[in-house]
Amino acid sequence: MNGWIYAYYVLLVACFVISLFHLDVKEIRLLAILLGVSIITEVIVEIIGTQGFAFFIVYHFFVVLEYSLITIILRSGIRAPRWRLLMGISIIIFGLVSLFYSFVLGGWRVFPGINITIESFLVICWCLLSFFSITPDSEASIFRHPFFWLTLAFFIYFSASMSVNGFYNLLLESDAHKAPYFFAVLNSLSNYLLYIMLIKGILCFRSNKISL
Amino acid sequence: MLPVKQDLFVGVIFISLLVTILGLVVVAAVINYKKKQDAYLHQLKLMKEDYDKQLMWSQIEMQEEAFAHLGQELHDDIGQLLSSTKLLINVTQRNMSVVPNTLRTAEETLSTAIHHLRALSKSFSRQWLDQFSLIDNLKVEIDRINASRAIQVKFTYELLELPLQAEPQIILFRIIQEAMQNCIRHAQPQVIDISIRLAEKKLILIIADDGAGFDKQNMSSMGMGIRNMQHRTNLLGGEIRWEVTTAGGTAVLITLPVE
């Protein structure tokens, strides 16, 4: 497959480095942790994978950590106490359910497809909530609001991820040869958009801080 | 296995559907944000207007308090001194067989000064202000200016009592005073024409002169007096504007809504 499909890793690293310069903002700190954990996960998977060991176990833990951090980031932009409580509780419940499914029902040697699908569904719900919770505090348009870009980034990524995961088997039945390529293309595209928008969100935090 | 073209077709349909749904969500979010922003900015504007009004009322209140204090001092201090001086002159006159004309003139001038001082002190008094009548006080002010014979002020009015409470009448009086002072200071008119009338639930006040006119382009830089007049008129919920008359002088037009 073409190298450009995996070049989004460069954007991931760039996004992580940019976030390190703005750690005074709580949301960017959490984002930096998430990006750092993503990088570490991918490195571990590469190392374990090349040595022939089952590396999917890393993703079973990564899913829980990813969901927790994304939910905490989105939660900080929501003011309604009931929704914040619900989001907080969902982190614990998802963690328990995901790990239970991984290690009791599904098996840790397989790819955590169900876990990721549930995670995607929940994140999409929180993103929809976050979109409509963005509150104006000046004349600036929504496109200068950092939470808009963070929410859009996660929304696009998880929507694409969930759609492709949902349709993957259908694609595999229709064309087993092309399905992985189609999956890889969509996955790359959503990753590119994810990191570009995350960088935009970080820059919005910075420009809002300067204008204050 | 689906033919290649159908593969592509399914892929395009799928991606189009996904993009459309994402786009619709984003558009809905942007519209929702815009509505919230409009409501927020409107609320901010109302709060600012309310704050400006409160500030203006406080300033006027402080000014009237200062005037009241000044009036009291004029009456108690300077008034007493003048009265004592007049008493001494009277005593001196009684002890003189022939009273010189200069002393008589001095006594008359002193009486006039005491009378004017009492009127001035009364105009600053709070109790008096609470029963304030714009028409009556404007007549007194106009008589005072006309007595100087340098300028002739004409006053026409349809109502004996304005349908306004005492405080708005005081503010309107101060606006008219400011307008007349500006006119006398800058325009050097021969005649000032003041008219007050009621039309369609609006009080219309016009102060027109036959003086030197003004430069409408440079009005914004004319200083605090003009700005004060604008703020006070806005506080009363009215409008003020300046126009050049056909005779080349200036007309100040004030319209106020009244119940």
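Sequential numbering from 1, following the chain as shown.
Every residue, even glycine, has its Cβ placed from backbone N, Cα and C.
Listed features, source TrEMBL:
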type: TRANSMEM; residues: A:6-23; note: transmembrane segment
type: TRANSMEM; residues: A:30-48; note: transmembrane segment
type: TRANSMEM; residues: A:54-74; note: transmembrane segment
type: TRANSMEM; residues: A:86-108; note: transmembrane segment
type: TRANSMEM; residues: A:114-135; note: transmembrane segment
type: TRANSMEM; residues: A:147-168; note: transmembrane segment
type: TRANSMEM; residues: A:180-203; note: transmembrane segment
Open item on the list: What residues elsewhere in the chain lie close to the transmembrane segment (A:114-135), defined as a C-beta under 8 angstroms and at least 6 residues from its ends?
Closed with: 60, 63, 66-67, 70-71, 74-75, 77-80, 83, 87, 90, 94, 97-98, 101-102, 106, 142, 145, 147-148, 151-152, 154-155, 158-159, 161-162, 165-166
TODO: Might you confirm whether the transmembrane segment (A:147-168) is in contact with the transmembrane segment (A:54-74), defined here as three or more C-beta pairs under 8 A between residues 6 or more apart in sequence?
DONE: yes
Open item on the list: Quick test of the contact rule: Cβ under 8 Å, at least six residues beyond the ends. What residues does that give for the transmembrane segment (A:86-108)?
Closed with: 54, 56-57, 60, 63-64, 67-68, 71-72, 74-75, 78, 114-115, 118-119, 122, 126
Task: Maximum Cβ pairs under 8 Å to the transmembrane segment (A:147-168) - stretch from the list A:6-23, A:30-48, A:180-203 - done: A:180-203
- [ ] With a Cβ cut-off under 8 Å, give me the same-chain residues at least six positions beyond the ends of the transmembrane segment (A:6-23) that come close to it.
- [x] 29, 31-32, 35-36, 38-39, 42, 188, 191-192, 195-196, 198-199, 202-203, 205-206
